[in-house]
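These notes are about the structure you will find just below.
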Amino acid sequence: MRLIKMFYFKKILFYFLLINCLIRFTKSQLIDDEEDDSDEDETQEEKAERKNITEDSNLSVDKLIAKYGYPAEVHHVTTEDGYILTMHRIRKHGAQPFLLQHGLVDSSAGYVIMGPNISLAYLLADYNYDVWLGNARGNRYSRNHTFLDPEDEKFWEFSWHEIGVYDLPAMIDYILKITSFKRIQYAGHSQGCTAFFVMCSMKPEYNKKIIMMQAMAPAVYARETEDHPYIRAIGLYFNSLVGSSISEMFNGEFRFLCGMTEETERLCIEAVFAIVGRNWKEFNRKMFPVILGHYPAGVAAKQVKHFIQIIKSGRFAPYSYSTNKNYALYQEREPPAYNLSMITVPTYVYYSTNDLLCHPSDVEDMYKDLGRPIGKYLVPMKDFNHMDFLWALNVRRLVYRKMLSVLGKINQRNGNASVYRKNY
């Protein structure tokens with residue numbers, strides 16, 4: 001077993017060294033050879049498409065939304081502990097507010113980068129929702145504080161527990177204040193679900209502020225994830241490889257390397273698939289430069305460490321420190337598990353069989369423990385993976401159509417007929 005663990009660690013280390021060597025020895029040559037003869041064979045339509053993709057990869061979220069003809073706004077929210085968060089909004093005056101929250105190393109961009117024909121934020125706007133896109137502390141849009149500097153290690157002293165306890169409540173209260181609504185709709189992907197369940201268990205008064213929660217690939221229980229070989233290797237050596245922040249780790253280098261040739265691009269996509277699940281059929285390779293332009297968006301090392309803890313322990317619980325500190329914070333040797341029965345928001349869960357980070361049996365166990373589960377939906381595609389909930393070519397047909405159906409039933413039950421049908 002020890003040899004297997006060392007094998008995977010050495011494999012990861014090998015890729016890091018390979019990336020470094022490729023960048024070191026090829027960057028100058030590639031810069032000198034900017035003219036590509038293959039460009040001469042491109043049609044005008046292909047050149048326009050390539051230009052459009054390049055532009056989308058470099059635009060901020062608000063500018064990306066505006067480019068496609070939607071009303072974009074930028075809002076800033078300050079949390080109780082001083083973090084200044086950015087929220088993006090596709091405004092629909094007088095419509096029901098809908099908050100979308102991203103996953104680990106992602107940002108609000110995750111809900112718009114695949115364009116108006118695929119991304120969830122545009123679809124909800126088309127269905128007459130006032131769409132709000134959250135950005136958790138530490139990502140590229142929420143790297144400010146009232147007195148801490150992002151260069152200071154103290155800035156990065158948080159995990160997704162703080163995102164649930166401070167960030168989400170601040171965003172929700174801000175939305176309710178601005179819109180004068182009493183409740184919002186909410187959907188999250190991965191850590192966007194994790195933080196939501198933390199909030200509703202630790203601050204149960206927020207259950208009353210949410211009409212319904214739609215949880216895509218909820219990263220809560222992770223007992224089966226421990227068998228994921230790459231995750232196990234990362235868990236073993238993560239602490240010794242990084243410090244307090246991996247906010248910009250391989251940010252420019254990863255984007256440069258993956259765009260060098262078709263071969264390096266494919267290698268990078270396979271590296272992503274190794275973590276989240278392999279599904280070439282639903283992956284739009286042409287859009288990979290756009291994905292790389294916005295993802296990864298930044299993360300605190302403690303967020304990753306916290307996920308590693310719940311994978312190893314099999315418990316959905318607050319961050320565990322030393323025994324002495326745990327006693328001081330929690331009055332127990334180990335932090336007490338979050339009480340999922342406290343989550344009384346009607347919750348609909350979406351999950352898939354090929355999600356290597358959120359195993360179906362873990363999701364089903366979580367579903368049973370929720371205070372008010374109202375339905376679950378296993379995506380009818382065996383290869384559908386963790387990121388396909390945002391990036392898949394047919395995600396509207398496979399997932400979002402079901403979400404709209406569930407929303408329609410809730411709206412009818414609540415007597416809200418404000419949504420309208422648009423073909424897609």
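Note that Cβ sites are derived from N, Cα and C of the backbone, with glycine treated the same way.
Keep in mind that TrEMBL annotations are predicted by a computer and have not been checked by a curator.
These come from TrEMBL:
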{"type": "ACT_SITE", "residues": "Ser190", "note": "active site, nucleophile"}
{"type": "ACT_SITE", "residues": "Asp355", "note": "active site, charge relay system"}
{"type": "ACT_SITE", "residues": "His386", "note": "active site, charge relay system"}
{"type": "COMPBIAS", "residues": "33-44", "note": "compositional bias 'Acidic residues'"}
{"type": "DOMAIN", "residues": "62-114", "note": "domain 'Partial AB-hydrolase lipase'"}
{"type": "REGION", "residues": "33-53", "note": "region 'Disordered'"}
{"type": "SIGNAL", "residues": "1-28", "note": "signal peptide"}
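Sequence features, as recorded in TrEMBL, placed on the structure.
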| residue | record | DSSP class |
| --- | --- | --- |
| Ser190 | active site, nucleophile | coil |
| Asp355 | active site, charge relay system | coil |
| His386 | active site, charge relay system | coil |
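Asp355 (active site, charge relay system) sits 5 Å from His386 (active site, charge relay system), counting Cα to Cα.
Non-local contacts of His386 (active site, charge relay system) by the CB criterion (under 8 A, 6+ apart in sequence, same chain) comprise Ser190, Ala217, Ile275, Val276, Gly277, Ser352, Asp355, Leu356, Leu357, Cys358. Neighbours of Asp355 (active site, charge relay system), defined as other CB atoms within 10 A of its CB across all chains, total 25. Cβ-based neighbour count (10 Å, all protein chains) for Ser190 (active site, nucleophile) stands at 30.
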